[in-house]
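Taken from Swiss-Prot, the feature active site, pros-phosphohistidine intermediate covers His117. Summarising the annotation, Swiss-Prot assigns ATP binding site to Lys10, Phe58, Arg86, Thr92, Arg104, Asn114.
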Amino acid sequence: MTERTLVLIKPDGVQRLLVGEIISRIERKGLAIAALELRNVTEELASQHYAEHEGKPFFGSLLEFITSAPVVAAIVEGPRAIAAFRQLAGGTDPVEKATPGTIRGDFGLETQFNLVHGSDSAESAQREIALWFPSA
């Protein structure tokens with residue numbers, strides 16, 4: 001069954017010129033890019049995207065980071081796309097939890113600056129795709 005997931009290449013990934021490497025890894029995994037856009041993130045979009053973290057101590061710095069520079073937003077499709085991309089991304093903490101061979105394990109240094117976001121469930125993917133690609 002084909003799934004769709006939202007993938008974000010965060011400001012650190014864009015600024016470090018890792019977009020091509022990350023997209024290549026997604027495609028080599030057998031996933032397809034259905035939509036792709038480089039965009040600036042408004043505080044409103046960031047707040048909606050990260051609504052589950054509102055009230056947590058890191059919420060303000062998370063919004064500041066994601067709105068600090070452009071991100072690449074993509075709809076990625078394929079069999080088990082959600083789990084496949086999350087495996088490809090690696091653990092949230094790039095140093096302690098992400099294994100070598102994953103995007104975060106190979107390129108990440110800090111939890112907040114962990115290069116990519118991928119939806120964590122079918123429900124999240126549907127909500128996030130609607131936020132980032134309203135006409136999709």
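Using the three backbone atoms N, Cα and C, a Cβ is placed for every residue, glycine included.
Quick caveat, the model's predicted, so the values are computed rather than measured.
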Between Thr92, Asn114, which of the binding-site residues has its C-beta surrounded by the fewest other C-beta atoms within 10 Å?
Thr92
Measuring Cα to Cα, tell me the gap between Thr92 (ATP binding site) and His117 (active site, pros-phosphohistidine intermediate) in whole angstrom.
9
Note down the number of other Cβ atoms within 10 Å of the Cβ of Lys10 (ATP binding site), including every protein chain shown.
22
Do me a favour and check the Cα-Cα span between His117 (active site, pros-phosphohistidine intermediate) and Arg104 (ATP binding site); whole Å is fine.
10
Tell me the coarse DSSP state (helix, strand, coil) of His117 (active site, pros-phosphohistidine intermediate).
strand
Which one, from the recorded positions Arg86, Arg104, His117, has the smallest tally of other C-beta atoms lying within 10 Å of its C-beta?
Arg86
Considering each pair of residues in Lys10, Phe58, Arg86, Thr92, Arg104, Asn114, all listed as binding ATP, report the largest CA to CA distance in Å, no decimals.
22
Which residues, sitting 6 or more apart from Phe58 (ATP binding site) on the same chain, put a CB under 8 Å from its CB?
Gln112
